[in-house]
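*Asks:* Sending over a structure as structure tokens; questions will come in a sec.
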Amino acid sequence: MSGASVKVAVRVRPFNSRETSKESKCIIQMQGNSTSIINPKNPKEAPKSFSFDYSYWSHTSPEDPCFASQNRVYNDIGKEMLLHAFEGYNVCIFAYGQTGAGKSYTMMGKQEESQAGIIPQLCEELFEKINDNCNEEMSYSVEVSYMEIYCERVRDLLNPKNKGNLRVREHPLLGPYVEDLSKLAVTSYTDIADLMDAGNKARTVAATNMNETSSRSHAVFTIVFTQKKQDPETNLSTEKVSKISLVDLAGSERADSTGAKGTRLKEGANINKSLTTLGKVISALAEVDNCTSKSKKKKKTDFIPYRDSVLTWLLRENLGGNSRTAMVAALSPADINYDETLSTLRYADRAKQIKCNAVINEDPNAKLVRELKEEVTRLKDLLRAQGLGDIIDIDPLIDDYSGSGGKYLKDFQNNKHRYLLASENQRPGNFSTASMGSLTSSPSSCSLNSQVGLTSVTSIQERIMSTPGGEEAIERLKESEKIIAELNETWEEKLRKTEAIRMEREALLAEMGVAIREDGGTLGVFSPKKTPHLVNLNEDPLMSECLLYYIKDGITRVGQADAERRQDIVLSGAHIKEEHCLFRSERSNTGEVIVTLEPCERSETYVNGKRVAHPVQLRSGNRIIMGKNHVFRFNHPEQARAEREKTPSAETPSEPVDWTFAQRELLEKQGIDMKQEMEKRLQEMEILYKKEKEEADLLLEQQRLDYESKLQALQRQVETRSLAAETTEEEEEEEEVPWTQHEFELAQWAFRKWKSHQFTSLRDLLWGNAVYLKEANAISVELKKKVQFQFVLLTDTLYSPVPPELLPSEMEKTHEDRPFPRTVVAVEVQDLKNGATHYWSLDKLKQRLDLMREMYDRAGEVASSAQDDSETTMTGSDPFYDRFHWFKLVGSSPIFHGCVNERLADRTPSPTFSTADSDITELADEQQDAMEDFDDEAFVDDTGSDAGTEEGSELFSDGHDPFYDRSPWFILVGRAFVYLSNLLYPVPLIHRVAIVSEKGEVRGFLRVAVQAIAADEEAPDYGSGIRQSGTAKISFDNEYFNQSDFSSAAMTRSGLSLEELRIVEGQGQSSEVISPPEEVNRMNDLDLKSGTLLDGKMVMEGFSEEIGNHLKLGSAFTFRVTVLQASGILPEYADIFCQFNFLHRHDEAFSTEPLKNNGRGSPLGFYHVQNIAVEVTESFVDYIKTKPIVFEVFGHYQQHPLHLQGQDLNSPPQPSRRFFPPPMPLSKPVPATKLNTMNKTTLGQSMSKYDLLVWFEISELEPTGEYIPAVVDHTAGLPCQGTFLLHQGIQRRITVTIIHEKGSELHWKDVRELVVGRIRNKPEVDEAAVDAVLSLNIISAKSLKAAHSSSRTFYRFEAVWDSSLHNSLLLNRVTPYGEKIYMTLSAYLELDHCIQPAVITKDVCMVFYSRDAKISPPRSLRNLFGSGYSKSPDSNRVTGIYELSLCKMADTGSPGMQRRRRKVLDTSVAYVRGEENLAGWRPRGDSLILEHQWELEKLELLHEVEKTRHFLLLRERLGDSVPKSLSDSLSPSLSSGTLSTSTSISSQISTTTFESAITPSESSGYDSADVESLVDREKELATKCLQLLTHTFNREFSQVHGSISDCKLSDISPIGRDPSVSSFSSSTLTPSSTCPSLVDSRSSSMDQKTPEANSRASSPCQEFEQFQIVPTVETPYLARAGKNEFLNLVPDIEEVRAGSVVSKKGYLHFKEPLSSNWAKHFVVVRRPYVFIYNSDKDPVERGIINLSTAQVEYSEDQQAMVKTPNTFAVCTKHRGVLLQALNDKDMNDWLYAFNPLLAGTIRSKLSRRCPSQPKY
């Protein structure tokens, strides 16, 4: 035994054409036996070096001295291995490497002698040595086999009969071998070369990106070399058998490198599997050999995975076994193949560590035969032991073992199947005994022959099948005897077998029509010299004459492969018959071969362009066309040679006889002239074109005449009306209408109300001035001014006072007449240079814009020496800059509905006082002087000669740059307000008030103490701060006080008059809840009676008796205001100080000292004490009773966000989270493509409204052929939202289902169009982006059939959506992680009696995954451990809520009304010079108005919080001794403050009810039952509330037909597979606007059982429920209207976004229709909608109820009658629902969520009925 390592050599080839075209660089270096590789991605990295036995440099040309040729490689490796083979060792050489690296070249080489590879050189030298060493004592025999491993299957390359895949088996003695693999005996190198060439042509090759002829299989060429030596002395012969395995591996590759797809990719996967397994085997063998452990035990890790692939299984002996092995690793030098080359080097480095234990194979046949005979004997003994001895008793004297086992087992296999059938039928089959003849005739089966009469084959097989292990033993016996027969085969028999196989191969090839040389040499297609034949002609010249078909002697048939008789030439095609034609080849008397073409019946066969129906004799060169596509040329070599001899001067035809020639000949012979046909067709098209053009011109002329006549008629009509109008105006004089006082009040109320609406006027200002804003920004960018402009809305409130320069002059004149401040449009100027923000009026912007234009025009004249270093100096009056407030306002406190005095317009502190003896006055004066000095020094105006100015700024003679204004040092941080009502009693209070900025942001807190003191009381010593030694005197003059702006009635009015609310259009109360003028007048009268302010006058009746003695009119009163601490102010504001003043005396401010603010540690301690003395007047008492004092906090702003982040121009200010709009904004409808342009119709009166619940589904095509809804991600948790999870590149459909209550006015007629567009990756829609709109094909649109009594309508339509037509990358690719795709779809639906379609628009969110991805819906944390409802298929949809209004078309009105309705042009789209430099910036539009309204609402809520906090603090301090004056003075103020401009009346009532429910005895001062003590106004209010609470609804329908709820919340499926229409619908109680009483419901439907006993979960059903019909009592609009009015309805659909605030959620029981059962469903109240789900895990809304149009009823009498507790009803216009809660408390909670007013009424009744019980 000899142990040696595997010899490893590496060889690098030259660049191929692909690498040369890509200009690749060489990364391989070789020096001696060392090989290095350089990383092209990181050249600085040290090269990786490897050491091998041989390193061959074949990258250069042969002229290079270092070049390694084929001969050198063979001399180093091949000769050594051949020497080992002669010594008797097994030898293996295999090449490894990536595809195209040169493995096949190294192993096989090329045809040239100098290019031969290792295999041919080794074979050639093998026979040379045999010939040299052959003598009488030595004899040699060589056998070869050639197999291919393709896709893990083994194929024989030498035997054409072995077309199938061969089995790989393993024998205990032989090891792994290939069953039935041909082993052919050869006697010379020529035989091997022929076999090798034949096998190579049969190999599987294909082209990849890396190699044009890539080997797609592993080839193993095996040579069995036997040496026999006869010893003359002993007359004994010995044998040496060597097995030479030469392996050409397929290329290792990567799919992305080779570009493999389809079959190539599958092949590559199997190739990589084999090579990966080979690498694992190499690594495992290397680890085993390197193990130095002394332990001899086999470890678990020593397992070698030979069986993981066929390749390693067959090469097991060559890898680490009995073999001498050499490995050649082929390398690519190109840098583009770095990864593959490095992998090959690493494998080779591992392979050189493998140890092989090779032994000399001496006389293996004799040993093997002996062992096999022992194995046969053992198997026979085993069969005898099992009782089968009579089967295998064979006389050994008759013959040897050849064939007996095989014959018997063949019979056994043939009869096995019939035996099993016979066994199943329990009857023995009469098997044919013909096979027994073969058994008896077998030389080794005489014993079995003697028992034929006793035993049949059937009985033998039955015994074998019934014996355990018998079949396996027979199979192994067959295997062993086959090997014995093969080993005993003589050399002569092997040669005969080889010759037979060669003959069969040649016959098979000749049968296929492929010619072979007469000497039987190399295969190829040759032009025959004698035999007639056909060659193909193809349209592609490169494909012509590539096929050759022999015309054999006799008959050669042509037809299809599936013909009854075998066809010699097989063709395929549409016009090829099964038996198409035949060629008859016969020899004439003269010896000439004549070929005749005989077409079959109805076959299309053409010869030289003529169709033949009878036999035709063919001449050489004839063109034959079979069918339509198969073109051939007939060649007769002998006939052509004879013709050339007869006419040697025959000219060569000028045109080649090819496919084109044959086709043209066919057309000519058929009478078809292509040129004439084309001319004729062209003439026909010209005639058609002229005809259509004449028709179009005629139609256009007719249309022009029609338009002209219509224009003339309209002109005459306008002239006639204008003349009549002028005549009427001249003749008629307007008479004064005699109005009554009541009518005048109504008109005044309406005028003041509608004058308050500013939405349209603000929008017009924004649109009309947008062009100026854009131009200013463009000039700023051009001149490199660091200024940005944007629109902003300002409202004059206490928190955000508007400077007087921003108020228009006409507004100042009418300022006192308004009950509340107006909103103005201003320009926000962001000074990025100084970090300041200024506000300009529109007039100021236009003035500055003129200067900017002038500066821009003269900018080119500026000297080049002017430097832009104005950063070092402060700017002057640049039009782009305003003065910067270094002390910035942080915040302020409550807001009032009344106007704010103009004194708050001054933003800089001006501490002046009315008394001259105050020390603080002197200190304040000093501070003011210092500030003025600082201001003069720091903010010096820039002059025109200053070099530090911006470009062009020195052009103005006054030295003012129009881009800049002066900036102050201080910025207002915020404001806070403190009420003084505690001075009425008097009690000291310490307030902690919020410092609120102008944007409603809380910037900190301020602690202020207010108390009444004696005139000579000393202030406490706080240790720091300023303690005033004097007392400031403030006067409250009644006359001056009443004339002030701030004393508007809106500040103290406690009524519910809507005219006193600040209204920005669209934010006020809805039309359904607006109080009529009579109510308003009645409330105004109540205001007069209650003693509140009205038109600036105070009614003080009875007040003097309630105030204390310390506030007697005319007396002196002193109180103290102490500013204690400030906390929570950001550290960006330094040098914090505070000043405060009274509202009517803004010029008298009291200031503290500035304090350093570091933002950490203890609060800032001002401890500023100010004593204030006043003379008590009615104005003073009213002031401390209802009004606060204002505190303003200033600071030096150190950090400027504008410097740090350069805010985006188009980023709007973000409102608070509470009022922020929904995450996905509502989009405008996508324009229709098939419909005419829809004009925006002015809507008139709304005739009816419907709530639409719409389901959106996207279905994808499944492998089953069905469209299944795609998975929807509902993890966001918000209603009406979800993300579709789609697969890439799959056909889809969009399904839309509309659900609504039945109505006579609403009938869906058809779907006009469904369009999709606006593909984007963000929720916001870029209006400027141009996106292709795709109109989808509607495949179905129908109303889903429901029961005739159902109160809900289901309308569904479906469209085909091919997302590839958008040509959008977002839809075609897989969506990156974290990104979402948004798309807008709009459905245009036609309704009956409507003049234009209704439009439903929805923004859809999507995420695309790969085609094969397994998509499952994400599960929220709540459902992590439970079964999520989203697994249900009907959960894969997204819902939308819409409100449909059917309105009458508004009358156009008079010309004056039309002028007032004119639409202001949006100038934001107008082009200005330099606009392209703004990088997509756009002026703010309508959204700015909504955001500003949200800010005002937040400020108002902050105001209410501070006011309520003061009231509660004072009441807590007073305890139980709350005087009546407190409730009289503060309660109305608080109640008035609860009115909000955006809250509904229901929310107001609920707030009032809540406040009244909190200890009414403490808050009002009287007991709830003591009605006699109420004042007149409170009596009036109580009476009104009582009327509302006890209002009796329409009860004319005493009998309710049907139950309360007519639908289960189950899935209703009109389609068998998809329960898609799961809904919530209810039976119609009455269509009237009022809900009938539920007390008179049928007792049969109201079972006495509780819902808990009868409740059941909803389940999907296949049919709609049967509902009861209720007569309609209200005549619908269409029934009342005339026929002409039917066409005047205009549909208006608006999407409604549900609120994010959940009032209540939980389970409720719903009464089921026509039964006594109750269904349990999950309900979520998000006002104003109630969402109904199947369960708490159901993500899809199944039903909705609009609480704003519904009526909630609760009756104890009803519950007593039906004996069902805790029930209440919800009635809409068309239906009613009966609900039941779990218990009393749960029912009260639900009632409060549904209707707070009703819940408050119930609580009041319970509290009066059971006063001792706690209130709900």
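Glycine too: its Cβ is placed from the backbone N, Cα and C atoms.
Per Swiss-Prot, the feature coiled coil maps to 365-386, 470-502, 668-737, 841-869; the stated evidence is sequence analysis. The compositional bias 'Low complexity' annotation in Swiss-Prot covers 1525-1553, 1620-1637. Residues or ranges marked as compositional bias 'Polar residues' in Swiss-Prot: 1554-1566, 1640-1659. Annotation comment: Swiss-Prot describes 5-354 as domain 'Kinesin motor'. Per Swiss-Prot, domain 'FHA' is recorded for 556-612, and the stated evidence type is sequence analysis. What Swiss-Prot lists as domain 'PH' is 1702-1799, and the listing cites sequence analysis. Residues or ranges marked as N-acetylserine by Swiss-Prot on the basis of similarity to another entry: S2. The annotation phosphoserine is assigned in Swiss-Prot to S1054, S1057, S1416, S1454, S1487, S1573, S1603, S1610, S1613. What Swiss-Prot lists as region 'Interaction with KIFBP' is 270-350, and the listing cites similarity to another entry. Swiss-Prot lists 1522-1571, 1620-1659 with the feature region 'Disordered'.
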*Asks:* Measure from the Cβ of S1487 (phosphoserine) and count the other Cβ atoms within 10 Å, all protein chains considered.
*Replies:* 11
*Asks:* In DSSP terms, helix, strand or coil for S1487 (phosphoserine)?
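*Replies:* Looking at the DSSP assignment, S1487 (phosphoserine) belongs to a helix.
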*Asks:* For a three-state summary based on DSSP, what are the helix, strand and coil counts in the domain 'PH' (1702-1799)?
*Replies:* 22 helix, 39 strand, 37 coil
*Asks:* Counting across all protein chains shown, how many other Cβ atoms sit within 10 Å of the Cβ of S1416 (phosphoserine)?
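*Replies:* Neighbour count, Cβ to Cβ under the 10 Å cut-off: 12.
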*Asks:* With DSSP helix as H/G/I and strand as E/B, how many residues of the domain 'FHA' (556-612) fall in helix, strand and coil?
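*Replies:* Reading the DSSP string over the domain 'FHA' (556-612) gives 0 helix, 27 strand, 30 coil.
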*Asks:* Rounded to a whole number, how many Å is the Cα of S1487 (phosphoserine) away from the Cα of S1416 (phosphoserine)?
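*Replies:* Their Cα atoms are separated by 38 Å.
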*Asks:* Compute the average pLDDT of the predicted model within the region 'Interaction with KIFBP' (270-350).
*Replies:* 79
